[in-house]
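Colleague: Dropping a structure here in structure tokens format, bear with me for questions.
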Ligand SMILES: Nc1ncnc2c1ncn2[C@@H]1O[C@H](COP(=O)(O)OP(=O)(O)OP(=O)(O)O)[C@@H](O)[C@H]1O
Ligand SMILES: [Mg+2]
């Protein structure tokens, strides 16, 4: 089968749609989780959702809906524990994580399920999506993205400074619960794409990547969604081509691709922050920079001399070992 | 019909972690008043401000804003709050403009884009604190004093009429304190009510109509404005260590504390 034929297949098209939607929805809500420093919340919800999936498989109900339900309950519980006090918050969360995972494995054992059925949810199985799976996934993903973008100003304010948000009259608790439920929904949307065990990666890694290069919240969330979509679709395509030679699962490929983006962005981020610091203008209103001629200077600064050129008022400074040199007559001044 | 007080605190107590931090506070701020809340570290100034904006539950007693009990109060666009905080950062970068724009949420409706008035108010607020050219920068890249100015701008953006400013000038340089003082003077002329927490009034001093000094969670002085140093006179700050009668400085008209005036107080 040629690649073109393969992408013409229905199951492949469904997989592409699911990958794209997941790639957009997971980082959208993930940005708010990272903003509150709850990067691992997606992971916790993912573990709890295992119980939901196992319940669905055992009772014959749709695992997607039981997972949404149980994950949302788990997310609300996590939120309540978090709100109630910091004292033993992370221990309580850990109990919930392990309880969710163990509960799921236990229930599926009781029901005599094969490991394969649960595995599809633990590690993702993009290519076995049914038509109704796609409809549900689309509806949920659109709801998550719509709410995240539409309520962004409110959600941003609540995550940025909870007390200020409350004094601004926002219903802080309602917004917190909304974020928890949206996180649960996007976990279940993503579970068929990358699997419950890797869900959190798609929520967090694109955000971490975007952050390397952005200075505002809006560009961060937009860039994270773009990167998430790129990694999901790219990962699926890569895995499909690679599968001609060896078996490659899309889920891990997607996550590895997202991590590769991070690995590329990280040094660029360091470099651009370094550059931004050097370009920092002198604070206005400050007294004129001291006029001190530097000592012996064998190097002639000029365009393309290798030192960063910084425009400074009416002349150009050259950044040189952490200080700035400006041409003045036959010598250089320290600026 | 009499105008109701902007803030009315009656016999309010606040406990944090089971420990009483404020005890029996009575405080009424009339509309248009500029009140300076002063006192030593840990005397409960921030806690009182938080209780007044509803961030700390009051046990016993009552807090009213513009005549409405706090539980029922919902006209939050009239309130501006600058918390006492060192940084304005969070897990994801946020630009100066975005943080200031959050102050506008009291006047925005759900799912509506920013109106022209919103943008103008945000712009004005940035202008006042002199951060227009840093608007696109991440707040975390600003200095502590600049971040403090961002928080001031956020409160100004909502165009409130009752301000709670918790040490807004801490770490802010003198020229910018002067700018803030000028802005507050203008707001005061327009009838704004201001409750300010400060250790050093600096350029704000001429604006203050009234000083309230807290000591150990009680109101120790409530009267005409004080000089900065007078707040730390022994009869305000250290109730149990002095052993002589003190001449009261002329401006201290009505100290409320009692045992602090006893010679050789309990120790
Ligand atoms: N979260 C808290 N839990 C328990 N006690 C607290 C808490 N926050 C403050 N306190 C206590 O309440 C008292 C008053 O604190 P508050 O922050 O109101 O003081 P302050 O007058 O604003 O001081 P500062 O000048 O340092 O800002 C302090 O003794 C402090 O130890
Ligand atoms: Mg304080």
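Here the Cβ of each residue, glycine as well, is placed from N, Cα and C on the backbone.
Owing to the predicted nature of the structure, the values given are computational and were not obtained by experimental measurement.
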Colleague: Check each of the ranges A:221-242, A:287-308 against TrEMBL and return the one annotated as transmembrane segment.
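Modeller: The range carrying the transmembrane segment annotation in TrEMBL is A:221-242.
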Colleague: To which of the residue ranges A:254-272, A:311-329 does TrEMBL assign the term transmembrane segment?
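Modeller: In TrEMBL, the transmembrane segment feature sits at A:254-272.
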Colleague: Is the transmembrane segment (A:64-81) in contact with the transmembrane segment (A:221-242), using three or more Cβ pairs under 8 angstroms as the rule and ignoring pairs under 6 apart in sequence?
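Modeller: No; fewer than 3 Cβ pairs under 8 Å.
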Colleague: For the transmembrane segment (A:134-158), find every same-chain residue at least 6 residues outside the stretch whose CB is under 8 Å from a CB in it, and list them.
Modeller: 14, 17-18, 21-22, 24-25, 28-29, 31-32, 35, 64-65, 68, 164-165, 168, 170, 172, 175-176, 178-179, 182, 185-186, 188-189, 192, 217-218, 221, 225
Colleague: Do the transmembrane segment (A:64-81) and the transmembrane segment (A:170-190) come together with 3 or more C-beta pairs under 8 Å, pairs six or more apart in sequence?
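Modeller: In contact, yes.
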Colleague: For the transmembrane segment (A:12-33), give me same-chain residues lying six or more residues beyond its boundaries with a C-beta closer than 8 angstroms to one of its C-beta atoms, as numbers and ranges.
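Modeller: Residues packing against the transmembrane segment (A:12-33) from afar: 6, 39, 41-42, 126-127, 129-131, 133-134, 137-138, 140-142, 144-145, 148-149, 155-156, 159, 179, 182-183, 186, 189-190, 192-194, 199, 202-204, 206-207, 210, 217, 220-221, 224-225, 227-233, 235-236, 240, 250, 254.
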